[in-house]
Amino acid sequence: MSDNLTDLPGVGPSTAEKLVEAGYIDFMKIATATVGELTDIEGISEKAAAKMIMGARDLCDLGFKSGIDLLKQRSTVWKLSTSSSELDSVLGGGLESQSVTEFAGVFGSGKTQIMHQSCVNLQNPEFLFYDEEAVSKGEVAQPKAVYIDTEGTFRPERIMQMAEHAGIDGQTVLDNTFVARAYNSDMQMLFAEKIEDLIQEGNNIKLVVIDSLTSTFRNEYTGRGKLAERQQKLGRHMATLNKLADLFNCVVLVTNQVSAKPDAFFGMAEQAIGGHIVGHAATFRFFVRKGKGDKRVAKLYDSPHLPDAEAIFRITEKGIQD
């Protein structure tokens, strides 16, 4: 339900209508907007935008919180199983909501398979873990996923195959998965921004997948001369994803390409694309590599509270397995 935007300072019926048309239908959306974003709307000055944002933040009670309040907020985090008990264990129980989790690796390492499996598992209530006192069943009822495909690797038939082996109706999984093919970085960013529209239309989006995060940026911005522009744009995209995760309590997963690390004598010989921008914006970072046969190894190497660890899992016809 939308808020009464005329309660904001300097907002009359006409301005409220313009805000709604631009997608700003509630106080939280305005409170987390920037002055530059609001001034893109015709008739709104910088001064007026700043007043609206401050007013919305007051109404949303945004500001400092005690550690106890944040601990209570953490109890609203829910987790999604990966289908691998080892990988779930490394993650502390599963893929976390209110977080962005990155899986980087070379081609064929299994990144896209993890993304497909996550879409399937979202439709299995037994794979959703949460504190029933902090998270209502309605919060995770009829969950839906958004899959932004930048490399043309989404395969509905693979979803059907995984779902069949998991005892889930494949048609249900596909019905509850919105897929968008992004051919460039502008499309990719636009689709991510449009997810809020899907939510406002009544879709309970609980999983957002970007596969892959950096391929479009990497193709368009080549050479050192365009590196700064690329990183700024990528930073804005990551900010959008983090905002979605926080505001709507959803799981956000991204896959990432890697490049050679020529100065690496010890440790990983490859590094994820995106540099410090992605490194600071992603909550959990995994490096996935091939093992023997159908085995894969996922190494957690960055997390705010979990230790570095490795998990071995298999990719079979049935999907992700121990």
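All residue numbers here begin at 1 and follow the chain in the order shown.
Every residue, even glycine, has its Cβ placed from backbone N, Cα and C.
The ATP binding site annotation in Swiss-Prot covers GLY105, VAL106, PHE107, GLY108, SER109, GLY110, LYS111, THR112, and the record cites sequence analysis as its basis.
Taking all protein chains in view, 21 other C-beta atoms sit within 10 angstroms of the C-beta of THR112 (ATP binding site). The ATP site, placed at the center of the C-beta atoms of GLY105, VAL106, PHE107, GLY108, SER109, GLY110, LYS111, THR112, has further neighbours from the same chain whose C-beta lies within 8 angstroms: THR255, VAL288, LYS290. In three-state terms derived from DSSP, THR112 (ATP binding site) belongs to a helical segment. In terms of local Cβ density within 10 Å, GLY105 ranks first among the binding-site residues GLY105, GLY108.
The number of other CB atoms found within 10 A of the CB of LYS111 (ATP binding site), across every protein chain shown, is 25.
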